Amino acid sequence: MILSRLLIRHFRNIEQADLPLADGFNFLVGPNGSGKTSILEAIYTLGHGRAFRSAQANRVIQHDENAFILHGRLSGLDEESRGYSIGLSKDREGNSTVRIDGSDGHKIAELAKLLPMQLITPEGFTLLNGGPKYRRAFIDWGCFHNEPRFFAAWSDLKRVLKQRNAALRQASSYRQLLPWDKELILLTEQISQWRAEYTEDIAKDIEETCQLFLPEFTLKVSFQRGWDKETDYAQLLERQFERDKVLSYTSLGAHKADLRIRANGTPVEDMLSRGQLKLLMCALRLAQGEYFTRKNGQRCLYLLDDFASELDANRRQLLAERLKSTQAQVFVSAITSGQVKDMLDVNSRLFSVEHGKIEVKP
(Lines of atoms letter the chains of each structure in order from A and count residues from 1; the text may use other names and numbers.)
(Lines give C-alpha, C1' and ligand atoms only; values in the text may rest on other atoms or scores of the structure.)
Protein backbone atom coordinates (compact mmCIF):
# COMPACT_ATOMS: atom_id res chain seq x y z
CA MET A 1 0.00 0.00 0.00
CA ILE A 2 1.03 3.59 -0.68
CA LEU A 3 -0.07 6.47 1.55
CA SER A 4 -1.06 8.79 -1.28
CA ARG A 5 -2.69 11.52 0.80
CA LEU A 6 -2.49 12.60 4.44
CA LEU A 7 -4.81 15.00 6.27
CA ILE A 8 -3.80 16.30 9.71
CA ARG A 9 -5.89 18.40 12.10
CA HIS A 10 -4.95 19.69 15.55
CA PHE A 11 -1.91 17.43 15.91
CA ARG A 12 1.15 18.84 17.72
CA ASN A 13 1.93 22.21 16.13
CA ILE A 14 0.02 21.45 12.92
CA GLU A 15 -3.40 23.06 12.92
CA GLN A 16 -4.37 21.71 9.53
CA ALA A 17 -2.57 20.14 6.58
CA ASP A 18 -3.55 18.27 3.43
CA LEU A 19 -0.50 16.60 1.88
CA PRO A 20 -0.32 14.94 -1.56
CA LEU A 21 2.41 12.35 -1.16
CA ALA A 22 4.90 10.79 -3.55
CA ASP A 23 5.09 7.04 -4.09
CA GLY A 24 8.84 7.14 -3.45
CA PHE A 25 10.75 9.54 -1.20
CA ASN A 26 9.02 12.37 0.65
CA PHE A 27 11.47 14.86 2.17
CA LEU A 28 10.43 17.10 5.07
CA VAL A 29 12.87 19.98 5.40
CA GLY A 30 12.92 22.75 7.98
CA PRO A 31 14.58 24.01 11.17
CA ASN A 32 14.29 22.25 14.51
CA GLY A 33 10.84 22.67 16.04
CA SER A 34 9.22 23.46 12.68
CA GLY A 35 6.92 20.43 12.61
CA LYS A 36 8.89 17.92 10.54
CA THR A 37 8.82 15.26 13.22
CA SER A 38 5.14 16.03 13.88
CA ILE A 39 4.33 14.91 10.33
CA LEU A 40 6.25 11.66 10.85
CA GLU A 41 4.46 11.21 14.16
CA ALA A 42 1.09 11.78 12.53
CA ILE A 43 1.81 9.01 10.02
CA TYR A 44 3.06 6.72 12.79
CA THR A 45 -0.01 7.47 14.91
CA LEU A 46 -2.33 6.71 12.01
CA GLY A 47 -0.82 3.23 11.87
CA HIS A 48 -0.35 2.60 15.61
CA GLY A 49 -2.94 4.63 17.51
CA ARG A 50 -0.28 6.49 19.48
CA ALA A 51 2.61 8.85 18.83
CA PHE A 52 6.19 7.61 19.10
CA ARG A 53 7.31 10.49 21.33
CA SER A 54 4.36 10.30 23.73
CA ALA A 55 1.61 7.76 24.32
CA GLN A 56 -0.56 10.39 26.04
CA ALA A 57 -3.14 11.98 23.76
CA ASN A 58 -3.11 15.22 25.77
CA ARG A 59 0.46 15.89 24.69
CA VAL A 60 -0.21 15.70 20.96
CA ILE A 61 -3.61 17.41 20.75
CA GLN A 62 -3.31 21.12 20.02
CA HIS A 63 -3.99 23.54 22.85
CA ASP A 64 -7.69 24.53 23.13
CA GLU A 65 -8.77 21.59 20.94
CA ASN A 66 -10.62 18.50 22.16
CA ALA A 67 -9.18 15.94 19.74
CA PHE A 68 -6.81 15.36 16.86
CA ILE A 69 -7.99 13.95 13.54
CA LEU A 70 -5.87 12.04 11.04
CA HIS A 71 -6.98 10.73 7.69
CA GLY A 72 -5.11 8.82 5.02
CA ARG A 73 -5.76 7.52 1.56
CA LEU A 74 -4.08 4.20 0.79
CA SER A 75 -3.57 3.29 -2.85
CA GLY A 76 -2.65 -0.09 -4.28
CA LEU A 77 0.59 -0.65 -6.14
CA ASP A 78 -1.31 -1.21 -9.40
CA GLU A 79 -4.73 -0.49 -10.88
CA GLU A 80 -6.07 -3.91 -9.90
CA SER A 81 -5.26 -3.46 -6.19
CA ARG A 82 -7.99 -1.90 -4.10
CA GLY A 83 -7.39 1.20 -2.05
CA TYR A 84 -8.57 2.16 1.42
CA SER A 85 -9.65 5.29 3.22
CA ILE A 86 -8.50 5.22 6.85
CA GLY A 87 -8.96 7.62 9.73
CA LEU A 88 -8.19 7.99 13.41
CA SER A 89 -9.34 10.54 15.95
CA LYS A 90 -8.49 10.63 19.65
CA ASP A 91 -9.77 12.93 22.39
CA ARG A 92 -8.11 14.15 25.57
CA GLU A 93 -9.48 11.22 27.57
CA GLY A 94 -7.74 8.84 25.20
CA ASN A 95 -10.91 7.64 23.48
CA SER A 96 -10.18 6.58 19.91
CA THR A 97 -12.36 6.29 16.84
CA VAL A 98 -11.00 4.21 13.97
CA ARG A 99 -12.63 4.56 10.58
CA ILE A 100 -11.98 2.39 7.54
CA ASP A 101 -13.75 3.09 4.25
CA GLY A 102 -16.27 5.31 5.99
CA SER A 103 -17.34 2.93 8.75
CA ASP A 104 -16.54 3.28 12.45
CA GLY A 105 -16.04 0.57 15.05
CA HIS A 106 -12.74 -0.77 13.77
CA LYS A 107 -9.69 -1.60 15.88
CA ILE A 108 -6.24 -0.01 15.78
CA ALA A 109 -4.76 -3.42 14.97
CA GLU A 110 -6.60 -3.21 11.64
CA LEU A 111 -4.80 0.06 10.86
CA ALA A 112 -1.48 -1.57 11.70
CA LYS A 113 -2.20 -4.36 9.22
CA LEU A 114 -3.05 -1.88 6.46
CA LEU A 115 -0.14 0.47 7.14
CA PRO A 116 2.96 -1.54 8.10
CA MET A 117 5.90 0.74 8.77
CA GLN A 118 9.43 0.90 10.10
CA LEU A 119 10.54 3.82 12.27
CA ILE A 120 14.12 5.11 12.50
CA THR A 121 14.64 7.98 14.96
CA PRO A 122 17.52 9.37 17.05
CA GLU A 123 15.80 7.75 20.04
CA GLY A 124 15.80 4.41 18.26
CA PHE A 125 19.16 3.45 19.78
CA THR A 126 17.08 1.87 22.54
CA LEU A 127 16.54 -1.04 20.15
CA LEU A 128 20.22 -1.84 20.67
CA ASN A 129 21.22 -0.41 24.05
CA GLY A 130 17.87 -0.21 25.83
CA GLY A 131 16.06 -2.90 27.80
CA PRO A 132 14.76 -6.20 26.39
CA LYS A 133 11.25 -4.75 25.88
CA TYR A 134 12.47 -2.80 22.84
CA ARG A 135 13.87 -5.90 21.15
CA ARG A 136 10.77 -7.92 22.08
CA ALA A 137 8.75 -5.24 20.30
CA PHE A 138 10.96 -5.71 17.24
CA ILE A 139 10.30 -9.46 17.19
CA ASP A 140 6.61 -9.02 17.98
CA TRP A 141 6.15 -6.62 15.04
CA GLY A 142 7.23 -9.43 12.76
CA CYS A 143 5.11 -12.04 14.52
CA PHE A 144 2.06 -9.74 14.35
CA HIS A 145 2.38 -9.42 10.58
CA ASN A 146 3.36 -13.06 9.92
CA GLU A 147 1.06 -15.00 12.26
CA PRO A 148 -2.67 -14.08 12.26
CA ARG A 149 -3.19 -15.62 15.72
CA PHE A 150 -0.32 -13.76 17.37
CA PHE A 151 -2.06 -10.54 18.40
CA ALA A 152 -4.92 -12.32 20.20
CA ALA A 153 -2.48 -14.62 22.02
CA TRP A 154 -0.21 -11.70 22.95
CA SER A 155 -3.20 -9.74 24.31
CA ASP A 156 -4.32 -12.78 26.31
CA LEU A 157 -0.82 -13.20 27.73
CA LYS A 158 -0.81 -9.61 29.00
CA ARG A 159 -4.22 -10.13 30.60
CA VAL A 160 -3.30 -13.43 32.29
CA LEU A 161 -0.03 -12.04 33.63
CA LYS A 162 -1.83 -9.07 35.15
CA GLN A 163 -4.37 -11.37 36.81
CA ARG A 164 -1.70 -13.79 38.02
CA ASN A 165 0.40 -11.00 39.51
CA ALA A 166 -2.62 -9.75 41.42
CA ALA A 167 -3.34 -13.30 42.64
CA LEU A 168 0.30 -13.74 43.73
CA ARG A 169 -0.14 -11.07 46.38
CA GLN A 170 -3.02 -12.98 47.95
CA ALA A 171 -2.01 -16.61 47.40
CA SER A 172 -0.82 -18.72 50.33
CA SER A 173 0.04 -21.77 48.21
CA TYR A 174 0.96 -22.43 44.61
CA ARG A 175 -2.24 -24.42 44.00
CA GLN A 176 -4.20 -21.19 44.17
CA LEU A 177 -2.45 -19.99 41.01
CA LEU A 178 -3.27 -23.05 38.90
CA PRO A 179 -6.39 -21.52 37.26
CA TRP A 180 -4.16 -18.82 35.74
CA ASP A 181 -1.09 -20.95 35.15
CA LYS A 182 -2.85 -23.46 32.90
CA GLU A 183 -3.63 -20.69 30.42
CA LEU A 184 -0.32 -18.90 31.01
CA ILE A 185 1.71 -22.00 30.17
CA LEU A 186 -0.12 -22.59 26.88
CA LEU A 187 0.17 -18.95 25.82
CA THR A 188 3.82 -18.68 26.85
CA GLU A 189 4.87 -21.78 24.95
CA GLN A 190 2.95 -20.80 21.81
CA ILE A 191 4.20 -17.20 21.74
CA SER A 192 7.76 -18.34 22.44
CA GLN A 193 7.55 -20.80 19.55
CA TRP A 194 6.32 -18.10 17.15
CA ARG A 195 9.05 -15.71 18.27
CA ALA A 196 11.78 -18.34 17.93
CA GLU A 197 10.58 -19.32 14.45
CA TYR A 198 10.42 -15.70 13.31
CA THR A 199 13.91 -14.96 14.64
CA GLU A 200 15.31 -18.03 12.92
CA ASP A 201 13.62 -17.06 9.65
CA ILE A 202 14.82 -13.45 9.65
CA ALA A 203 18.32 -14.03 11.07
CA LYS A 204 19.94 -14.50 7.66
CA ASP A 205 18.33 -11.29 6.33
CA ILE A 206 19.56 -9.36 9.36
CA GLU A 207 23.09 -10.72 9.17
CA GLU A 208 23.40 -10.11 5.40
CA THR A 209 22.05 -6.55 5.61
CA CYS A 210 24.31 -5.79 8.56
CA GLN A 211 27.26 -7.11 6.57
CA LEU A 212 26.47 -4.60 3.82
CA PHE A 213 26.33 -1.67 6.24
CA LEU A 214 29.10 -2.80 8.61
CA PRO A 215 31.43 -5.11 6.64
CA GLU A 216 34.13 -4.85 9.31
CA PHE A 217 31.98 -6.87 11.74
CA THR A 218 30.39 -10.30 11.81
CA LEU A 219 26.90 -9.88 13.29
CA LYS A 220 24.93 -12.71 14.87
CA VAL A 221 21.44 -12.64 16.37
CA SER A 222 19.88 -15.14 18.76
CA PHE A 223 16.55 -15.41 20.54
CA GLN A 224 16.34 -15.77 24.33
CA ARG A 225 12.88 -16.96 25.32
CA GLY A 226 12.83 -15.59 28.88
CA TRP A 227 13.70 -18.67 30.91
CA ASP A 228 16.22 -21.54 30.79
CA LYS A 229 15.61 -23.48 27.58
CA GLU A 230 16.33 -26.76 29.40
CA THR A 231 13.62 -26.14 32.00
CA ASP A 232 9.94 -27.03 31.68
CA TYR A 233 7.93 -23.82 32.13
CA ALA A 234 5.19 -25.46 34.20
CA GLN A 235 7.75 -26.81 36.67
CA LEU A 236 9.52 -23.45 36.72
CA LEU A 237 6.37 -21.55 37.72
CA GLU A 238 5.83 -23.83 40.69
CA ARG A 239 9.50 -23.68 41.69
CA GLN A 240 9.51 -19.86 41.47
CA PHE A 241 6.34 -19.39 43.54
CA GLU A 242 7.93 -18.21 46.79
CA ARG A 243 10.30 -15.84 44.99
CA ASP A 244 7.56 -14.45 42.76
CA LYS A 245 5.30 -13.95 45.77
CA VAL A 246 7.96 -11.82 47.44
CA LEU A 247 8.45 -9.85 44.21
CA SER A 248 4.67 -9.61 43.60
CA TYR A 249 5.14 -10.40 39.92
CA THR A 250 5.95 -13.31 37.60
CA SER A 251 9.71 -13.11 37.13
CA LEU A 252 10.26 -15.49 34.20
CA GLY A 253 8.45 -16.21 30.97
CA ALA A 254 7.70 -14.91 27.48
CA HIS A 255 7.34 -11.39 28.88
CA LYS A 256 11.09 -11.48 29.65
CA ALA A 257 12.26 -12.62 26.21
CA ASP A 258 15.11 -10.86 24.42
CA LEU A 259 16.93 -10.69 21.10
CA ARG A 260 20.70 -10.84 21.54
CA ILE A 261 22.81 -9.09 18.91
CA ARG A 262 26.58 -9.57 18.90
CA ALA A 263 29.38 -8.13 16.76
CA ASN A 264 32.46 -10.36 16.55
CA GLY A 265 31.11 -12.21 19.59
CA THR A 266 30.66 -9.08 21.74
CA PRO A 267 27.35 -7.34 22.57
CA VAL A 268 26.94 -4.57 19.98
CA GLU A 269 26.37 -1.87 22.59
CA ASP A 270 29.89 -2.58 23.92
CA MET A 271 31.58 -2.79 20.52
CA LEU A 272 30.09 -0.21 18.14
CA SER A 273 30.36 3.59 17.98
CA ARG A 274 27.21 5.72 17.87
CA GLY A 275 27.49 6.10 14.11
CA GLN A 276 27.89 2.34 13.73
CA LEU A 277 24.96 1.72 16.08
CA LYS A 278 22.77 3.97 13.94
CA LEU A 279 23.79 2.06 10.82
CA LEU A 280 23.01 -1.19 12.60
CA MET A 281 19.61 0.13 13.70
CA CYS A 282 18.87 1.10 10.10
CA ALA A 283 20.04 -2.31 8.90
CA LEU A 284 17.72 -4.09 11.34
CA ARG A 285 14.71 -2.03 10.26
CA LEU A 286 15.52 -2.49 6.59
CA ALA A 287 16.03 -6.23 6.96
CA GLN A 288 12.72 -6.58 8.77
CA GLY A 289 10.89 -4.48 6.18
CA GLU A 290 12.39 -6.39 3.26
CA TYR A 291 11.62 -9.74 4.89
CA PHE A 292 8.02 -8.59 5.41
CA THR A 293 7.70 -7.60 1.74
CA ARG A 294 9.09 -10.91 0.55
CA LYS A 295 6.78 -12.94 2.79
CA ASN A 296 3.60 -10.88 2.38
CA GLY A 297 3.91 -9.21 -1.01
CA GLN A 298 3.20 -5.86 0.62
CA ARG A 299 5.68 -3.01 0.90
CA CYS A 300 6.65 -1.42 4.17
CA LEU A 301 6.62 2.32 4.71
CA TYR A 302 9.77 3.83 6.25
CA LEU A 303 9.93 6.87 8.53
CA LEU A 304 13.38 8.43 9.11
CA ASP A 305 13.63 11.30 11.56
CA ASP A 306 16.72 13.52 11.54
CA PHE A 307 18.28 11.64 8.64
CA ALA A 308 21.74 13.20 8.84
CA SER A 309 22.23 12.65 12.57
CA GLU A 310 25.25 10.44 13.40
CA LEU A 311 25.89 9.63 9.71
CA ASP A 312 28.57 11.01 7.41
CA ALA A 313 27.89 11.65 3.70
CA ASN A 314 29.08 8.19 2.59
CA ARG A 315 26.88 6.39 5.10
CA ARG A 316 23.89 8.57 4.20
CA GLN A 317 24.40 7.65 0.56
CA LEU A 318 24.64 3.95 1.40
CA LEU A 319 21.40 4.09 3.38
CA ALA A 320 19.62 6.09 0.66
CA GLU A 321 20.63 3.64 -2.07
CA ARG A 322 19.42 0.66 -0.05
CA LEU A 323 16.10 2.37 0.69
CA LYS A 324 15.63 3.18 -2.99
CA SER A 325 16.31 -0.43 -3.93
CA THR A 326 13.33 -1.51 -1.81
CA GLN A 327 10.98 0.61 -4.01
CA ALA A 328 9.18 1.48 -0.78
CA GLN A 329 7.56 4.75 0.21
CA VAL A 330 9.94 6.67 2.46
CA PHE A 331 9.52 9.78 4.62
CA VAL A 332 12.70 11.59 5.59
CA SER A 333 13.13 14.66 7.80
CA ALA A 334 16.20 16.88 7.54
CA ILE A 335 17.21 20.36 8.65
CA THR A 336 18.43 21.52 5.22
CA SER A 337 17.69 20.47 1.65
CA GLY A 338 21.43 20.07 1.15
CA GLN A 339 21.37 16.98 3.35
CA VAL A 340 19.00 15.22 0.94
CA LYS A 341 19.70 16.86 -2.44
CA ASP A 342 21.52 13.80 -3.80
CA MET A 343 18.44 11.67 -3.08
CA LEU A 344 15.94 13.79 -5.02
CA ASP A 345 14.56 12.31 -8.24
CA VAL A 346 11.41 12.37 -10.38
CA ASN A 347 9.60 10.03 -7.96
CA SER A 348 10.26 12.16 -4.87
CA ARG A 349 8.62 15.20 -3.31
CA LEU A 350 10.11 17.94 -1.17
CA PHE A 351 8.11 19.68 1.56
CA SER A 352 9.23 22.83 3.33
CA VAL A 353 8.07 22.94 6.95
CA GLU A 354 8.09 26.01 9.18
CA HIS A 355 6.00 26.84 12.28
CA GLY A 356 3.62 23.97 11.50
CA LYS A 357 2.96 25.22 7.96
CA ILE A 358 3.81 22.85 5.13
CA GLU A 359 4.50 23.81 1.52
CA VAL A 360 5.26 21.58 -1.45
CA LYS A 361 8.43 22.75 -3.16
CA PRO A 362 8.79 22.49 -6.96
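Cβ atoms are placed via backbone N, Cα and C, with glycine included.
According to Swiss-Prot, the ATP binding site annotation covers Gly30, Pro31, Asn32, Gly33, Ser34, Gly35, Lys36, Thr37. Same-chain residues at least 6 positions away in sequence with a Cβ under 8 Å from that of Gly33 (ATP binding site) are, in sequence order, Asn13. Reduced to three states, the DSSP call for Gly33 (ATP binding site) is coil.
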When a 10 Å sphere is centred on the Cβ of Thr37 (ATP binding site), how many other Cβ atoms does it contain?
25
Which of Gly30, Pro31, Gly35 has the fewest nearby Cβ atoms, counting only those within 10 Å, among these binding-site residues?
Pro31
Neighbours of Gly30, Pro31, Asn32, Gly33, Ser34, Gly35, Lys36, Thr37 excl. site residues, C-beta within 8 Å of centre, ATP:
Ser38, Ser333, Ile335, Val353, Glu354
Those binding-site residues listed as Asn32, Ser34, Lys36, and which of them has the most Cβ atoms within 10 Å of its own Cβ:
Lys36
